[in-house]
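Summarising the annotation, Swiss-Prot assigns ATP binding site to GLY112, THR113, HIS114, GLY115, LYS116, THR117, THR118.
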Amino acid sequence: MKHAVKHIHFVGIGGAGMSGIAEILHNLGYRVSGSDQSDGATTRRLASLGIRVAIGHDAAHIAGAEAVVTSTAVKGDNPEVIAARSRRVPVVPRAVMLAELMRLKQGIAIAGTHGKTTTTSLVASVLAEAGLDPTFVIGGRLNSAGANSRLGAGDYIVVEADESDASFLNLLPVLSVVTNIDADHMDTYGHDLGRLKHAFLEFLHRMPFYGAAIICGDDPGVRSIIPMISRPVVSYGFGEDAQIRAVDVLALPGGQMRFTAQRRNGVVMPDLPITLNLPGRHNVLNALAVIAVAAELELPDAPVQKALAAFDGVGRRFQRYGELPTPAGGRFTLIDDYGHHPVEMAAVIAAARGAFPGRRLVIAFQPHRYTRTRDCFEDFVKVMGGADAVLLGEVYAAGEAPIVAADGRALARALRVGGKLEPVFVDEIAAMPQAIADNVQDGDVVITMGAGSIGAVPGQVVELLGAHA
């Protein structure tokens, strides 16, 4: 590939999955350029590396490109895509380019409806601590690296495998992890849960016969496909039948978890005491997946324990903004999380309850996609009812048309009718920082949540309330 193609252009280069691949190709010596609809921290970072980034889309941007990479968010009527096809320049989906990168190394792919980014980051951190210098491509910013990708000199590449558009079926890893299987992105699968499960099964069968399927045995969706898996299986979880099992699980004040990992995957290994620098039982499961990967790679215990204890987190995954002043003179804790599915929200709320026992929990949530809001409506209402207060924004459309009775106002009405709490509806996300300031109380834990533009809100809250410090 390197000899045939020298200039690769990315349409939508600012996306989490796209930017990481672009950076790795740049570091491999390719000439990389790209365009994106809007400027932001990611595009500015890529530009600082010497990658030419254009804001907006225009056919002129692909001049000289010998391949054009697109994400699923880029449609066929994009002028750069049209120009590439008219010039017979190959238009390559992001996942296909990622698969080409994986051919250069031994691939470890992490899939699942929830927990992919954190688990991928933990695997990369453990391999780095073990001196294996991995390459990684992650859907979020690994705080310790300051980036969502890195080109390493070692033999392994660790990637986040995306099921949302079934693009993970392009990958050919030697080790695969499935954290869970839940009903999300169902438009891709014709609203057929069976088709979604079959896609995960096919993903596991993309491995060679000597690969290992590392799967969460606690998850009902994953358990349902185990009888059909024709690769060696390593299960992890809290259940007695798990080969990699967590026992004596304890939530520590401040947001760490302590547990003992029992390892019975073919060979009985000594129990491994773990301190995990992340909150919540869901993150204990993510750590068990990593311990299973380490066992398959026959890594020593010390780097596993050290990396999990020192893990510095991932951007927008229970990301702490610290203690901030309230306008009335008190203090509150601000946290941001990418969670946008009811299962993810429930896990974050449970983690916050464990990390900050007895404190009032305020959720500021921006729903993501009308279809998800419609499909998970009752679950959203139930989960948000577990908070002490809710600030609710309008749906971030992500290109979708509005759906009647599947918007933020409908969620707010349903919460109000349920009688558990009185939500505050915030029509414009730009008003959310002030809404947080107006409603926060001394001692609160405030968590901003969602996959859309709410990601900018925590920084705006810090800026707004900094004057009160």
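From the backbone N, Cα and C atoms, a Cβ is placed for every residue, glycine too.
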Q | For LYS116 (ATP binding site), the number of other Cβ atoms found within 10 Å of its own Cβ | A | 26
Q: Compute the mean position of the Cβ atoms of GLY112, THR113, HIS114, GLY115, LYS116, THR117, THR118, which form the recorded ATP site, and then list in sequence order the other residues of that chain whose Cβ is within 8 Å of it.
A: ILE110, THR119, THR179, ASN180, ASN286
Q: Would you count the other CB atoms within 10 A of the CB of THR113 (ATP binding site), including those on all shown protein chains?
A: 22
**Q.** Which of THR117, THR118, the listed binding-site residues, has fewest other Cβ atoms within 10 Å
**A.** THR117
